[in-house]
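Here is the structure we will look at, set down as structure tokens.
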Amino acid sequence: MTQIAEIRLRRVLDSRANGTVEADVLTESGGFGRAAAPSGASTGEHEAIELAPEEAIAAARDRAVPRLVGEAYAGDQRGVDRALHAADGTDDFSEIGANSAVAISMAAAKAGADMLGAPLYQHLGGAFRGENFPVPLGNVIGGGEHAADATDIQEFLSAPVGAPSVTDAVFANAAVHAEVGDVLAERGIPAGKGDEGAWAPSVEDEVAFEIMAEATETMSDDVGFEIGFGLDVAAAEMFEDGEYQYSDRTRSTDEQVEYVADLVREYDLVYVEDPLDENDFEGFAELTDRVGEETLICGDDLFVTNTERLQRGIEQGSANSILIKPNQIGTLTDAFDAVELAGRNGLDAVISHRSGETEDTTIAHLAVATDAPFIKTGAAGGERTAKLNELIRIAEDAL
Ligand SMILES: O=C(O)[C@@H](CO)OP(=O)(O)O
Ligand SMILES: [Mg+2]
């Protein structure tokens, strides 16, 4: 029986040492699941609402727990997530907090898997999952909202698209991260690390492009398979007064489209996330029209894992890829629905971490469960390697 018998909520630390919500879900027959909410820094304006952890916990205890304990079944994910929506009663989880909602949703899935005796990816994705693995996109140089005085572009992502296995891919990203560190040292450029463990040198974006091209080529030769790279521009963060504000200049929307299209061609970029403002469906469409055959144009702040925004993007041809972050929308069911809508319309799903993370590994399972072609979960740092190591274990069937 997977009927929920108890839910415990507590405040724990995330990787920025901020408080976040952790949930334990216990079932009547002894099933157990534990999960914690991540937290963004460059959040999209249309995301579900994260409340202060204490507030989210109090509201969830008051409103959601009574609708779940003795009422819902952990094995029935849609039932659990429906109860969370009903308990909240708003469109954006502003009453109980998307942080409480997503922690409970994910913990229930784990408790359901525990009772069924199946790995989480199989409980969520079915018996035939576990054959295909996502290509990990690894953040190796970054700035934006994730590090002060570093690059304007938020993330430069290693993309080992030719890796023969997910394990090879994970180690390739680690090798590119180390190689970037060596190249920075050789050039005498000091660099600390940003929130996601990427190097955060105080350099112009142009220098970061050079270093990425050099490091991915060197490591590609070394490992013997193709390693490309991509970007999360996080352009909404630099969009002010109708223009993109870079440290050395500004760009109009037309100039931004031109700039990114040129970068795609010059560096053979395999992936570009949020190249334009989060409300610019038209600008996205223009860029996708120009370079969508050559690269993935991915909507993160544009879509916020929301099927209504995704539907609009599909109608307008705004992107050929969507970032999936369960905490942007509040439940696993909503995240699944976004992946499925994307898939039916030929968009690739990229399952993603947040800049504030915990040891939670749910997204590794979610990526395998949904057969997603990509996962973005960093390259270095314990809260990042927790997910990467889980992928290695899933591939080895060693859970
Ligand atoms: O913009 C992003 O894609 C994410 C994760 O890399 O950052 P944040 O969690 O800060 O929104
Ligand atoms: Mg992003």
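Every residue, even glycine, has its Cβ placed from backbone N, Cα and C.
Where the annotation comes from TrEMBL, it is an automatic prediction and has not been curated.
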Per TrEMBL, what member of Asp232, Asp334, Asp337, Asp348 joins Glu273, Asp300 in binding Mg(2+) at one site?
Asp232
Would you identify which residue of Gln3, Gln77, Gln122, Gln154 TrEMBL lists as part of the (2R)-2-phosphoglycerate site it also attributes to Lys325, Arg354, Ser355, Lys376?
Gln154
Most Cβ neighbours inside 10 Å, all chains, among the binding-site residues Gln154, Ser355:
Gln154
Max pairwise CA distance, angstrom, over record-listed (2R)-2-phosphoglycerate binders Gln154, Lys325, Arg354, Ser355, Lys376:
17
Helix, strand, coil: count each for the residues of the domain 'Enolase N-terminal' (4-124), based on DSSP.
51 helix, 26 strand, 44 coil
Shell of the (2R)-2-phosphoglycerate site beyond Gln154, Lys325, Arg354, Ser355, Lys376, same chain only (C-beta within 8 angstroms of their C-beta centre):
Gly40, Ser42, Glu155, Glu196, Asp232, Asp300, Leu323, Ser352, His353
